[in-house]
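For reference, the structure discussed in these notes is given below.
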Amino acid sequence: MASLLAKDAYLQSLAKKICSHSAPEQQARTRAGKTQGSETAGPPKKKRKKTQKKFRKREEKAAEHKAKSLGEKSPAASGARRPEAAKEEAAWASSSAGNPADGLATEPESVFALDVLRQRLHEKIQEARGQGSAKELSPAALEKRRRRKQERDRKKRKRKELRAKEKARKAEEATEAQEVVEATPEGACTEPREPPGLIFNKVEVSEDEPASKAQRRKEKRQRVKGNLTPLTGRNYRQLLERLQARQSRLDELRGQDEGKAQELEAKMKWTNLLYKAEGVKIRDDERLLQEALKRKEKRRAQRQRRWEKRTAGVVEKMQQRQDRRRQNLRRKKAARAERRLLRARKKGRILPQDLERAGLV
């Protein structure tokens, strides 16, 4: 910003110098015209006041002072612009010297020069607000700009390559899909799809809609083999009751018909074996069920005892806090009564307690 101010001050001072150079020549021409006319014409006219010249001198002094103050801050910028300013000054001097007879046109030319210089100054300011010219940048800044440009070009090329690859892949997929559609016969689409099977390296998922609750219940009943629900789960009491009910039914059937009882028992064993082959854990051992039930009841009793102990501890702690609170309240009440009696004794009152202690009552 200091360099811009220095340029502005220098251009303004240059324009004022050009105007001041043209002013003496104009005055000399007017003096010559007046002397020639005075010889031929009548009495001399009054001289005009040189207010314009004084105003220009004042402006020149202010501009020089401003240029000095800014030149101390940025001497390099002002020095860099000196050759161009010298050329412009020489051009304006030659133009003013080439037309000595045209005295009336010097003032508009100076105004035009100021406009041109001001326009150039605005162009420089706009250039500095932007990226700036490459001549004024340091080598490090130029190298940084070059690297940034290379990086932008590289990213642009990479994006273009990715777009081209994506486009080629989509076109290839479209052609493959078209070939598959053309290769499949029309009757193949109407055939019902077989239920998906389990392959160890591949799992096929059917596109059927999820079954409702009633459908799932029906499928579960169909999965029950031989109308025999498997004895699974961790509700040992229920499992033991079911197992005992089966044994009682077998005993009743054995009392009626031994052959049917043996057939039913064999059917139950085969059904349990089929369930076990599928990975279902069958709990059909009465001894193990009783032991598991005892362990479960024991753990439940232990949890119940721990809970009761914890509850009793909580109640005991609450009672202790209540007793401590009541004791503190009684102590505070006794202390307040003692303080009241002490204040009464200080005032000279004779209390019944004092009479009892003295044995006067």
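Glycine residues also receive a Cβ, built from the backbone N, Cα and C atoms like all the rest.
According to Swiss-Prot, the protein has these features:
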{"type": "COMPBIAS", "residues": "44-56", "note": "compositional bias 'Basic residues'"}
{"type": "COMPBIAS", "residues": "144-162", "note": "compositional bias 'Basic residues'"}
{"type": "COMPBIAS", "residues": "177-186", "note": "compositional bias 'Low complexity'"}
{"type": "COMPBIAS", "residues": "214-224", "note": "compositional bias 'Basic residues'"}
{"type": "COMPBIAS", "residues": "299-308", "note": "compositional bias 'Basic residues'"}
{"type": "MOD_RES", "residues": "S74", "note": "phosphoserine"}
{"type": "MOD_RES", "residues": "S138", "note": "phosphoserine"}
{"type": "MOD_RES", "residues": "T229", "note": "phosphothreonine"}
{"type": "MOTIF", "residues": "45-49", "note": "motif 'Nuclear localization signal'"}
{"type": "MOTIF", "residues": "154-158", "note": "motif 'Nuclear localization signal'"}
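On the backbone, the CA of S138 (phosphoserine) and the CA of T229 (phosphothreonine) stand 89 Å apart. Around T229 (phosphothreonine), no same-chain residue six or more apart in sequence has its CB under 8 Å from its CB. Break the motif 'Nuclear localization signal' (154-158) down by DSSP state and the numbers are 5 helix, 0 strand, 0 coil. Mapped onto DSSP helix, strand and coil, the compositional bias 'Basic residues' (144-162) counts 19 helix, 0 strand, 0 coil.
Cβ contacts within 10 Å of S138 (phosphoserine), excluding its own Cβ and spanning all protein chains shown: 8.
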